[in-house]
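**Student:** Attaching a single structure in structure tokens format; questions to follow.
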Amino acid sequence: MLNRFKYIFSKLNVRHRVLLSALLLTLLAIGITGTLAWNSGRQSALNQGQTSTEARPVHLLKLERDTEGNQTTVPVPGADFVLYNAQDPENPVQVQSTFTTDQEGRITVSLPPGRYFFQEIRLPYGFAPDLDAENQPIRRYDFTVTSSTTNDHPIVTAYNRRLSGDLIIEKTLVNDDGTELSEEQLAQLFEFRVTFSDGGTYAYQINGEGESHELASGETLQLRHGQRAVFTNIPVGVHYIVEEVGMEHGQANNSSGNISSEPSRVDFTNRDMTRLGNLILEKEVVNSDGSAVTDEQREIDFEFEVQLSNVPDGASFRFTTNRYQIDDDPDNDDDTREGTVANGDTLTLRHGEILTIHDLPVGTSYQIREVERPNFVSGTRDVEGNIVQDANNRHLFINSYQVDGGEPVLTFLSFEKQVISDDEAALREYFDFEVTFEPDEGQIFQYRIIENGIEGELQDFVSGDIIRLRHGQKVLFADLPPGLTYRIREIEIDRFLEALTTVGGQTVNGTSNGDETGNRNGSHHTFVNREIPNGSAQLIIEKRVEGVGYDAEHEFLFDLYINDVKQDGVIRLRSGETSLPIVLELGDRWRVVEHDSYDNGFSQEGISNGTGTIELEHIGRNVYVRQTNRYVRDTISLSGTKTWEMPEGVQTPRHITVQLMQGDIAVRQVNVEGPNWAYTFDNLPKFDNEGNEIHYTIREIPVTGWRAETNPENINLHNIWVDPVTASLEIEKLITGDAAPNAEQFEFVMNPGGHVVNITNSGQAHFPEISFDRPGTFEFTVHETRGSTLGWDYDNAEYRWFVKIEQDTDGLLSLTEQWLTKNGERIDGLQAVFTNRFDDSVLLEETLDIPVKKVWDHKELTADLQPDGIVVQLMADNKEVSRRQLTADMEWQTLFQKMPRYDSEGREIKYQVKESEVNGYSAKISGNAQKGFTIHNTYVGMEEPPSQAPDKPSTTGRLPDVGDGLTLTAIILGLVCIRIAYLLYRETKSKKG
């Protein structure tokens, strides 16, 4: 190929030969410089990747600390924070406006590397700031963002303490008739079911003292009259429901609601409607012939069987008699008749004795039956009735002793009707009575109805017929034979309670108390009825909300329970609305529970008449259940308008940015555009954390050429055009000392504004122009950012640039003076000069300790065939600088100590390690000089027996760098060209000779 090229070259003339030689030399230069340029560009791209300052996503996480101070994983939404850039700790700069934690308790933001802090400015309702070691509230959270920061974990985890409150349930019992409570009433237990919205378990004490009891949501507790169950340490906002099990006749306030920092008091007041009455039994003995009662007859004990129903199981009642009054020996206390009687007991009575059973509850049903006694006929053998309020439940039992001989004397039977009612219609109503006689043998009897002392006509009667009476009327059967068995039964009417329902006995003759007419040889009974109160009332639910800023269209949902049965559907009310009337009958029980809407910002502060019973005083009236909520996120809305004042020809900007300020903090920010230039801020907190009303002001992000004016009475803005004045500051960088091995970039910062310029090595630069649109003396600080490159000594000087702007009478601005100070001393000129010095000796003194560790994976290779040592070479820029032998005794590790980090020219040395080949093993090397190297050998199988390790260092030269192959080719090609040129030169010279 070389001869071929020589032949072609010889055919060219001298001019063409020169051009071809130049072409070959150009190709040679391009090959060399192209390789260098490729390597340089690659390294530049790598450097740019390493110095990236792209924003990194980070997040704050707000969690709850429970009422006992324990950290939890429960997120806290609705906490407001302000973010500051703290690159200049003395002058932190706010980033954007207010940030608020979301439902997961997060605030996510993207930030470039730097120092920052979050400042908490408003806590959600029911929370307090976390405390530091000195019990001071924590509101500031500092953090740093680096180029390696990730969003995998919170960069800030902040806690708020959950506030707590008390729940107090109190029980009060009163008698409807105003009497004092009995011992039994004072000992009575009332059961309450308590439900918490968080399903928690909380402790309570009776009357806030003594033993502590745990109650899980949905469980019950018991209270007596005057007792209180005091729950403490319940988180603020938890919704509670308190229900009395089996409640009758009473009402409750605040039976449901949200816990607040003030105690929540639930008052249950029950009215004991149990009116009490007495049952009186009177005994009288007569002789059928009218003779006087003998002493022996006076001592006879007549027995009475007592049946009581509608009373508590096992209940007994006190009785007394007047025996001491009829006793011949009144000083004999043994004859005192006093005791108790219960259902199924038997009592005894003597002639003239009156027995009173005390304090039977109204509604008690009774049956009294006298036990038959030989030779005596019972005028009243049995009675059935009920204890009725204000009725006289008194019954006379006459026993007639049958004396032999004598003519029978005719007797009578009478009964009358009495009605207790304030209703005239009830007093005119008729009641039916069924009367039977035995034996009757089809006999026709006669009776009269007597009213107001006036006797009516005789009326025929057959046993079993119905007689009708109204209030005040009496029936009289006269001239009845003695010994006739009778029974009188009143037919029940639902609207009335009957004191006496049935009475039976025999007609008797002889001396008795008779009736009020003086006829003393018969039986008389009074049937008293009391009208059962009835009627209805209307239940109306009212909704009220206190506070400002809530959604007036928000609907509140209510559940209604009537007689413990939940009604279908829910009742929906807005603030200020009332429900449709709900008709309830006398005795109906109601319970109203509002759904919890605390998450929407509404705390149930109180409910009046949330639980109750329709009583007599409610009949014909409206009963109001008033539920009051407080909006705990009191908010307001503020609106403003932007106006402009400018000369002809000046255009307004496309948009402006306005900030709503709370003191020095920008809480909201919005862009405003024409043509209306109006802006509104909604849902602004009305009060701060201490309960003080917040005063908001407006601020505009400065617009070059405009001066903003504000009004303290509103948030309007007025902009006036002002021709701005601009100025810029020049800085210079000087370098002294040794020559630096690499180019160095220096950074300079001007505040306020955070303006940054960079100068590579030495040189000059200008900060961006500053625009001044108002008069005043403005001050800026300039300093160099201290770097971290080894060997550099940075200039710590601080310059202050002062610019004085004045405004003339026409409103025009002018720059009248500017000057510089260095470290507090005024200097000449307007150039800030920073001088840095480089010292390369620092580089030569720095050393490294490089650890090397060997890891084996022998797999199935037996121990006798495993290597007992290896050789490790330490390479510096591909040249061996040291070697070590590693053995099992050394635990297969070594340390290359005090190796220089930089070469004589200040470049960092690149260290690597190599291992002499180990037969049958593959090698993988990981790590670096700073952290150490690990050589991982894995057995892969031997091809030949292992050889001895070399005892001399390798003399192999360094491997070529990337691009060296191309460079070598170019060099060879160049040498070929030179050789050809030389041969041609000789040939030409010989021809001329």
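Keep in mind that glycine also has a Cβ here, set from the backbone N, Cα and C atoms.
Note: TrEMBL annotation is automatic and uncurated.
This is the feature table in TrEMBL:
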- 71-134: domain 'SpaA-like prealbumin fold' (DOMAIN)
- 165-271: domain 'DUF7601' (DOMAIN)
- 277-401: domain 'DUF7601' (DOMAIN)
- 413-530: domain 'DUF7601' (DOMAIN)
- 639-716: domain 'CNA-B' (DOMAIN)
- 730-838: domain 'Streptococcal pilin isopeptide linkage' (DOMAIN)
- 850-938: domain 'CNA-B' (DOMAIN)
- 965-985: transmembrane segment (TRANSMEM)
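I'm curious about the neighbourhood of these features; can you describe it?
**Tutor:** Predicted-model confidence for the domain 'SpaA-like prealbumin fold' (71-134) is 92, expressed as mean pLDDT.
Helix first, then strand, then coil: DSSP counts for the domain 'DUF7601' (277-401) stand at 11 helix, 64 strand, 50 coil.
With DSSP classes pooled into helix, strand and coil, the tally for the domain 'CNA-B' (639-716) is 0 helix, 44 strand, 34 coil.
Residues of the domain 'Streptococcal pilin isopeptide linkage' (730-838) grouped by DSSP class, helix first, strand second and coil last, total 0 helix, 70 strand, 39 coil.
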**Student:** Going through 277-401, 413-530, 639-716, 730-838, 850-938 one by one, which has the most CB pairs that fall under 8 Å from the domain 'SpaA-like prealbumin fold' (71-134)?
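**Tutor:** It is 639-716 that shares the most Cβ pairs under 8 Å with the domain 'SpaA-like prealbumin fold' (71-134).
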